[in-house]
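Below: one structure, written as structure tokens.
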Amino acid sequence: MAINLFTSESVSEGHPDKIADQISDAVLDEILKQDPKARVACETYVKTGMALVGGEITTSAWVDIENLTRQVICDIGYTHSDMGFDAHSCAVLNAIGKQSPDINQGVDRANPLEQGAGDQGIMFGYATNETEVLMPAPITYAHRLMEQQAKVRKSGKLDWLRPDAKSQLTFIYEDNKIKGIDTVVLSTQHAEHVDQKTVFEGVMEEIIKPILPSEWLSQNTKYFINPTGRFVIGGPMGDCGLTGRKIIVDTYGGAARHGGGAFSGKDPSKVDRSAAYAARYVAKNIVAAGLADRCEIQLSYAIGIAEPTSIMVETFGTGKVSNEVFVRLVREHFDLRPYGLIKMLDLIRPIYRETAAYGHFGREHFPWEKTDKAEALKSALR
């Protein structure tokens, strides 16, 4: 009997890095609405009193970067200077240039199916049957706590809540099966006038208890709610934020490997993003088909080359067939060339801003979460 602990964290939509991600993806969405062929690599930096939007964008679209940036910050909830960041008064700086023609000539082709990868790199996808969304439980419930924090904050039920927050969950596993939750950490920015007792009780009753299944909690579960005792200064006033700095929060909470490439602000020609989505799609369909309890996919690409340079499948001893057979199945049933996976998942759409908070995976309405290949995979092995 092997017992171990595993921990994952999430952050709220008001965390500085997530503000940056949401601005970058909002810019991407607005451009894709007007110009599906745009090439976008948009980066954002936020700090007290300012947001800097930069990167390389080649497009026929026009986007009011300043107003869009202010709208995103406002939607998150930073609408008054007493929060340390105000959508209405912060400076918005624009430092956007064009994509290098050296990159462009390797990506664009007369035949779309020959479209090359926008860069070299490695990408991972993962799925596990330990939750109904085929995601690891620690990251899934850490995200749900953060979604609940935002819901309660925006409803006004706890009017002292502010946008910046973080969660962290430590799960107990016995022989790779969940036995319970060992530790809950939740820190949330709050108004200056509220005391620690009020914060603790409010967070427990309105955020934690409605989300975490009671069967996973016990008298031994430890709760650390705002453990420093005070969290008034938050958001970009507390820390600067950058696009692409929460890549583990965005994916599997450390339960699977990561290729290192961030997602937000990148159009689907960037395989850092689109191939990571495709790898999740492949892994999820293998698990949904009942062919493995856990599955990790690695893909790799070379800049300007359409076919993946490698495909790896790992099922951690839970697969119904060998990993070599899985690789053959993947090649037969999934088109993992850049244009192929874009078509397969219908990625040239303005769907990205929503991905930029609460995780890119495990939310069923995104196209890479479909399990429409599961039956075909099962049939191929009969």
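Cβ coordinates come from backbone N, Cα and C, glycine included.
Quick caveat, the model's predicted, so the values are computed rather than measured.
Of the given residue ranges 11-21, 99-109, 363-373, Swiss-Prot assigns the label region 'Flexible loop' to 99-109. Under the three-state DSSP scheme, ASP17 (Mg(2+) binding site) falls in the helix class. Considering only the binding-site residues ASP17, GLU43, GLU56, LYS270, the residue whose Cα is spatially closest to the Cα of ALA165 (ATP binding site) is ASP17. Annotation for the binding-site residues GLU43, GLU56: lowest Cβ count within 10 Å of the residue's own Cβ, GLU56. In this structure, LYS266 (ATP binding site) is part of a beta strand by DSSP. Geometry remark: ARG230 (ATP binding site) versus ASP17 (Mg(2+) binding site), CA distance 21 Å. The binding-site residues GLU43, GLU56, LYS266, LYS270 include none with a CA atom within 10 A of the CA of ASP17 (Mg(2+) binding site).
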